[in-house]
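Pulled from Swiss-Prot:
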- K8: site 'Transition state stabilizer' (SITE)
- G44, G45, R66, N158: substrate binding site (BINDING)
- D181, V182, S183, G184, I185, L186, I209, I210, T211: ATP binding site (BINDING)
- K217: site 'Transition state stabilizer' (SITE)
Amino acid sequence: MMNPLIIKLGGVLLDSEEALERLFTALVNYRESHQRPLVIVHGGGCVVDELMKGLNLPVKKKDGLRVTPADQIGIITGALAGTANKTLLAWAKKHHIASVGLFLGDGDSVNVTQLDEALGHVGLAQPGSPKLINMLLENGFLPVVSSIGVTDDGQLMNVNADQAATALAATLGADLILLSDVSGILDGKGQRIAEMTASKAEQLIDQGIITDGMIVKVNAALDAARALGRPVDIASWRHAEQLPALFNGTPIGTRILA
């Protein structure tokens, strides 16, 4: 089996039928012309935000990471492992892709511990066991994995989806693409940066050009590139016509170098 490709989905993608249609069309085209196994990892911040708003619950973030109190982890699990995950499975079904919905704890695929008590039920993801997902891939299934994990003592944890995808890529020896709303990392003039190193990233963070959630994304990609010993791509799902090329290894966004 070729080494898998993990496609991490994020941003408002889950809110846009047009974007999902384009993405799954690109996935079908890619699967028809390539034997390479694919895995989807997703967050779903927009789904969670909508639900929290509907329930009049405050959304708090610290350093770009969502604060998850004990009384909210059930709601967030329902949104991510439930609504967001099953929405993607429904799209896969519509496009005749045999898929399986998972969370990080299934088959101990990703090991999770609490990241920081101040963040509540927010988990740190570490590589786990490849056995379950490899079995699914060998049988032609598309695993769709939500970024909810569970600790050894049975506590549910909300994990940053970029970090979850990184840990799963390390588990499977997979290549990683982080798909988001933006076409990559932009410089101070709004131009896409084709390649990024750790020192360049630090410089742009110090200058205030890379901020908030993008800092988390860049750090996750740098961590992934280091852990995997290979480049990681950050790109946009908006350019659907370019996605098959991206899945095939052609950079269309920002390539993060270890």
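Glycine is no exception: its Cβ is also placed from the backbone N, Cα and C atoms.
Its Cβ taken as reference, D181 (ATP binding site) is surrounded by 15 other Cβ atoms within 10 Å in the chains shown. Of the listed recorded positions, namely K8, R66, K217, the sparsest CB environment within 10 A is found at R66. Shown in sequence order, R66, T68, I73, I76, T77, L80, H121, V122, G123, S147, I148 are the residues of the chain, 6+ apart in sequence, with a C-beta less than 8 angstroms from the C-beta of N158 (substrate binding site). When the C-alpha distances from T211 (ATP binding site) to the recorded positions K8, G44, G45, K217 are tabulated, the minimum falls on K217. Taking the C-alpha atom of I185 (ATP binding site) as reference, the shortest distance to any of the recorded positions K8, G44, G45, K217 belongs to K217. Largest Cα-Cα distance over the residues recorded as binding ATP, namely D181, V182, S183, G184, I185, L186, I209, I210, T211, equals 17 Å.
Under 8 Å, Cβ to Cβ, and six or more positions away along its own chain, S183 (ATP binding site) finds R192, A235, S236, R238, H239, I252, G253. Each of the binding-site residues G44, G45 was scored by the other Cβ atoms within 10 Å of its Cβ; the lowest score goes to G45. Other than the site residues G44, G45, R66, N158, same-chain residues with C-beta atoms no more than 8 angstroms from the centre of those residues' C-beta atoms, the substrate site, are G43, V48, I76, A79, L80, S147, N160, A161. Cα-Cα distance from G44 (substrate binding site) to K8 (site 'Transition state stabilizer'): 11 Å (rounded to the nearest whole number). Cα of D181 (ATP binding site) to Cα of K217 (site 'Transition state stabilizer'): a span of 12 Å. Note: the Cα of I209 (ATP binding site) and the Cα of K8 (site 'Transition state stabilizer') are spaced 24 Å from each other. When the Cα atoms are compared, G45 (substrate binding site) and K217 (site 'Transition state stabilizer') turn out to be 14 Å apart.
Each of the binding-site residues I185, I209 was scored by the number of other CB atoms within 10 A of its CB, and the lowest score belongs to I209.
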